[in-house]
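*Asks:* Annotations per TrEMBL:
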type	residues	note
DOMAIN	A:10-208	domain 'Electron transfer flavoprotein alpha/beta-subunit N-terminal'
BINDING	A:256-257, A:270-274, A:287-294, A:N308	FAD binding site
Amino acid sequence: MIEVNRQGEVWVFAEQHLGKVEDIAFELLGRARELADKLGVKVGAVIAGDSIKSVCEELIQYGADKVYTVENNLLEHYQTNSYTKVLCALIEKHKPQIVLYGASPVGRDLAPRVASKMKAGLTADCTDLQIGNHEIKKTGEKHENLLLQIRPAFGGNIIATIINYDRWPQMATVREGVMPMPEPDSKRKGEVIDESVSLSAEDLPIEIIEEVRREKSVNLKASRIIVAGGAGVGSKENFRMIWDLANALGGVPAATRAAADLGYIGKDYQVGQTGTTVRPSLYIAIGLSGAIQHQAGMSESKKIIAVNNDPDAPIFDVAHYKVCGDLNEVVPQMIKAVKEKV
Amino acid sequence: MAYKCIVLIKQVPDTSRITGEAMNEDGTVNRGALPAIFNPEDLNALELALEIKEKYGGSVTAVTMGLPSASEVLREALFMGADDAVLVTDRRCAASDTLATSYILTRAAEKIGCDLVLCGRQAIDGDTAQVGPQMAEKLDMPQITYVEEVHELTPSRIVCRRNMGNGWQRTACKLPVLLTVTDQANEPRIGAARRIMKYKNAKTPAEISKEGGSDEDIREMKNKGLLIGQLNLDDVQADLQWCGRDGSPTKVHRIMSVVLTAKESKEVDSSAQGINDMVHELIEDHTIG
């Protein structure tokens, strides 16, 4: 636990794998920059690993004022205990007021461990972060300039704003893809600070025997146009229509969890709370009812077309274009119209 | 070598079946209007613990923190094959966030004693996945999160495969260790009829007293193996400053129910003409093309 420090920096844990910084770290730096500017403090990125010097400049370009590096060959591969030790040591030394992590398998493994050791608060899977004030109604006690940690809860049915005013740092994990990726600025200047944390074999209780990483077969986050099918598409064969429409539009296909579970398409294509969060220019939702868990992953899309034969389907509540009809007629017609005009 | 396993389970509202009636006017969830279920991934954790016990011997104790009515999921754990069940219940646990919950459950796990701690990756009411790792830190145990499969278990070491989202890792670790288990790990078994017949009568001391039972009745239930253990914060020697609201750094600032609506929306006729006009409009405003 560290004392409340109003001058504390806003920190981002910069997750890296084999010397390459993960996208989520840049997304976090973009928002950290805005939060820090509001608070009038600096942005710090913390990076640990074996040879990481080459990426410090990149972290500065994406918004860091300071990059704290902990270079040690024992940190080459992420391990819970060793990385927890590094983070806690740096937090105790520099007393940041906010520490952000990606809600990735690594961030969700590390952040609670750090929170437990620091006896600090932690909010999981935030979809938005802001600075704001809080008043305790009973006592009238006011807390200003707190981190508002905004996240869906109860399966996405409510949005909760969480704060922690008395035990710092204020920490949160943030979902991948929900914060826009900032533009790097090659003129930005920053400071690289070497730190060292002593580590021993005891801090590495896990033996990594084998690791297989695979690139996702599709990059939904980078797609301008997404055509998503749900269980209502009916069969894997019928799902071919979704591909055809996506191809005609120069977009990519996607699916709800239900459709992916039915094997219509691979899990990499899943959009929603348990899949990828997307914000394309156009999202076409076909044969999907729009469960709140799915909407959590796509409601930020600029334009939404919904095709469904049930006029009461919740997806129509968020759609800009509502096409109530049989998808087996509507989708081929859309393909035809696109091919004729584009 | 036999392992003493603790499985942490949670009774949760079935968030996949939330309807309008389950929301209060102030935007909070009316938990009473939702069916309470066994958190799905905790079933996978329990299944894994039972498989470990069947292969290597030992025991499985299901532990939950919750309201007195959470004894329901403990009975279900007994139906599936748990040897013991313990309910941690105390009014002073109310409003605990994940940090306070991890502290209380750590005190309980230390009192019960264990070689392995298993829990579901996350609970469907909060989806935080935090209590497991937070406990591992307090128990000074290594952790393996997102476990999909146990490959090997020897007296000194466990080898697991864990899901890394964009790939997987095969990792080994000395015991004791805490595992969080995903729904990919196994197919949880259904309670055996014989066990259901026996353990449907299992009760906590509070439930026995409520039905007018005496201390003698409680002892008798214990002798029959039908007593669900019950611990309060004094029993686990918890320091109250780390429990409940006082022990929780995170507080709720605001809750809103989700009402998503498009700002401008248009009904499109599903005829060929209607579709053509829509596509034309999207080309005009450069959304497509």
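Glycine too: its Cβ is placed from the backbone N, Cα and C atoms.
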*Asks:* Could you say which of the binding-site residues A:L288, A:I292 has its Cβ with the most other Cβ atoms inside 10 Å?
*Replies:* A:L288
*Asks:* Are there residues of the same chain, six or more positions away from A:H294 (FAD binding site), whose CB falls under 8 angstroms from its CB, and which are they?
*Replies:* A:G230, A:T256, A:R257, A:V271, A:G272, A:Q273, A:L288
*Asks:* So of A:T256, A:Q270, A:T274, which of the binding-site residues has the fewest other Cβ atoms within 10 Å around its own Cβ?
*Replies:* A:T274
*Asks:* Chain B proximity: which binding-site residues among A:T256, A:L288, A:I292, A:H294 have CB distances under 8 Å? Answer 'none' if there are none.
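*Replies:* Checking chain B against the binding-site residues, the residues within range (Cβ-Cβ under 8 Å) are A:I292.
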*Asks:* Under a three-state reading of DSSP, tell me whether A:G272 (FAD binding site) is helix, strand or coil.
*Replies:* coil
*Asks:* Can you count the other CB atoms that lie within 10 A of the CB of A:G290 (FAD binding site)?
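*Replies:* A:G290 (FAD binding site) is surrounded by 23 other Cβ atoms within 10 Å.
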*Asks:* So, three-state DSSP: helix, strand or coil for A:G290 (FAD binding site)?
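*Replies:* In the DSSP reduction, A:G290 (FAD binding site) maps to coil.
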